[in-house]
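Have a look at the structure below before the remarks.
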Amino acid sequence: MQIFHNLNEWIRFRNSLSPDLSLGFAPTMGNLHAGHASLFLASSKENHYTVSSLFVNPTQFNNPDDYKHYPRTVDADLELMTQNGVDFCILPNENEIYADGYAYQVQENRFGQLMEGKHRPGHFNGVLTIVMKLFNLVKPTRAYFGEKDYQQLLLIQGMVKALFMDIEIKSCPTVREKSGLACSSRNNRLTPSQREIADEFAKIFHQNKSSAMISKELEALGITVEYIEEFQGRRFAAVKIGDIRLIDNYLL
């Protein structure tokens, strides 16, 4: 795997590639897990080359403490990429990515204001802006995103369509642990006792009950429920176990 620490170096290399070659792209913030690996493998099966990026994007954290405590595990992340078909990895720094000081932003004013957008003001502005910047840098044929962040996936699909971007957005199924808990970088921050509660959250959330009944059962376990909502035939949830925030969704 070839690693690029400098954006100009990457741009020169990208421009040297034949336009006949397909590039798959799976952007990440690091602290990788099996869900990320599934994106890399899906890309490597469908493209000549697979590109990823490691960048903890400060503009999508509405809580500064979340950004501060987000695990940085670069060496392990690069190893996982190497083992799962990534050919090129971009490791940009914040000054390069936000040379404009975040003066220019991508904003969606409808669906992005619901659920995650309502509870994390500014979050999706940061997500869409960094994804747009990375798309312009990588110029991928296809880009891969997990269904765990389903609202994010829909917004990225919408952005690509609205702005006439010639990129195919591929959705990949949520990867889950044996307990049914969705793989997430945040899971690593759970204490053993919190982890048991998180496993119960996954089980209860997937029960065939009303959202109100599910909320009541979760709250009885000491879980803070931010929302459980249904949208376009899916059920979405965001909860807090201690100070660890977890999200999930599934098709009804």
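Heads up, the Cβ atoms here are built off N, Cα and C, so glycines get one too.
Swiss-Prot lists His36 with the feature active site, proton donor, giving sequence analysis as the kind of evidence. In sequence order, Ala26, Thr28, Leu80, Asn84, Gly146 are the residues of the chain that are 6 or more apart from His36 (active site, proton donor) and have a CB within less than 8 Å of its CB. Under the DSSP three-state reduction, His36 (active site, proton donor) is assigned to helix.
Under the heading ATP binding site, Swiss-Prot lists 29-36, 146-149, Val175, 183-186, citing sequence analysis as support. In the three-state DSSP scheme, Glu147 (ATP binding site) falls into the helix class.
For Gln60 (beta-alanine binding site), the same-chain residues lying six or more positions away in sequence with a CB closer than 8 A to its CB are Gly122, His123, Phe124, Asn125, Gly126, Val127, Ile130. Here Swiss-Prot flags Gln60 as beta-alanine binding site, drawing on sequence analysis.
The feature (R)-pantoate binding site is assigned by Swiss-Prot to Gln60, Gln152.
Counting only same-chain residues six or more apart in sequence, the Cβ atoms lying under 8 angstroms from the Cβ of Glu147 (ATP binding site) belong to Leu153, Ser171, Cys172, Pro173, Thr174, Asn249. Taking each of the binding-site residues Gln152, Ser185 in turn and counting other Cβ atoms within 10 Å of its Cβ gives the largest count for Gln152.
Within 10 Å of the C-beta atom of Met29 (ATP binding site) sit 20 other C-beta atoms, taking all shown protein chains into account.
Classification of Val175 (ATP binding site) by DSSP places it in coil, neither helical nor stranded.
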